[in-house]
């Protein structure tokens, strides 16, 4: 396998890693036709306006939350243990409703006609500042009696957790049975989070999981296309007995959990209605309407649901709800990237440093693939040793391409060289490269994780470009060990490609570049050893197999 094919292999792998989602976007989900009636009922609910908020601040060891006292919306959520992408001196803000972007969590109670019974009513709280005391802190917002119903909205925050419980306490004094449903939604705009780039772009938008439809992304662009086609509101609607839904972005997520692991679904009184749409105000909403059991006059009831708003930490989210780890965006290679990250995580648990864990993982992957890559590199080494003879054939036959090809094929037969012998093993490595790319790129566990010296965050680009420069040097070394091309254009490509790849990797997370550098160093050692072995055999007059 010559350098041209090797370069093509890396180029194809890189294009697939970066552009797979763009080349093969997730198919747009189609609403079930029998749910048209439910669609009208769900969309009839008034969309809560994002009016100026009267803030209630809640501080725990993991988050600082701002709740609007009037609407009861969760308007701002700061993750105190994570630094902002653009400014490491500030904490990371997940929810917000400022000038920069809109991203909030809302909840309402709806009547049988889908009307928000709390619209225009307003809550009140006994104080404006709450902090963690013990393991939990509870914020109770009380609304004036409406329709004979006394309603409180209660937020419960837990120490060491990114789970927020949202509960409605309802007392029915209306003189009649109350038939209600609780509507929970996450609303955001289309703004890109900080850190998004062409080489480091990840999915941002709605996601949903149900047993019937499995995991699906419902992209902003799909919702926009529906809106442009003439619909007043583009929607994705489904009925489900369980599941979860919300919004994801690189490393972080916010999801309503319909059935916590090992517990009863909130949809026990009837199937929940999921609704994902672009609203009339051009904000995007993922919501679920949860039917409540009929509340008799004089009775009390509650509607409770968990909101997970935090990092996509695999070990955490896997224990919150079934298949919640699917929200960790490994693109279309989840089946392969997930076990690779599992192995990387096990190594980290032993070593204690993500950078060294990446190095050990690279060595393990290289060892597993050794039987395949060894055949490829032996083929390249034999081609390298036969390069003078190939050059002589080219000079002898000049422009007679037919005679030149026949002479080369005879040389391959005499030297026991299969010019394509190394292609298949190299192609089989493509899934490994792609899987590792996504495993490293998508994992919040590597965010702000140091390696050594100047590498203080493996999820961000090398600030001094040292690793990309080392990578370029290793690629130049590989070109020296590869068969020298007889074509002048290929020779130029050999000199240019290391520089091109190095510049591209300036923008890649340091963890990815570290993997590539170590892999290149191991490849150089393997190729050098094989070259020496074949040259020694040729010098001794042995037949090289």
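Just so it is clear, glycine is given a Cβ too, placed from its N, Cα and C backbone atoms.
Quick caveat, the model's predicted, so the values are computed rather than measured.
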Candidate ranges 461-481, 524-544 [criterion: Swiss-Prot lists as transmembrane segment]: 461-481
Of the residue ranges 393-413, 498-518, the one that Swiss-Prot records as transmembrane segment: 498-518
Swiss-Prot annotation (transmembrane segment) - matching range among 319-339, 424-444: 424-444
Listed range which Swiss-Prot flags as transmembrane segment, given the options 287-307, 350-370: 350-370
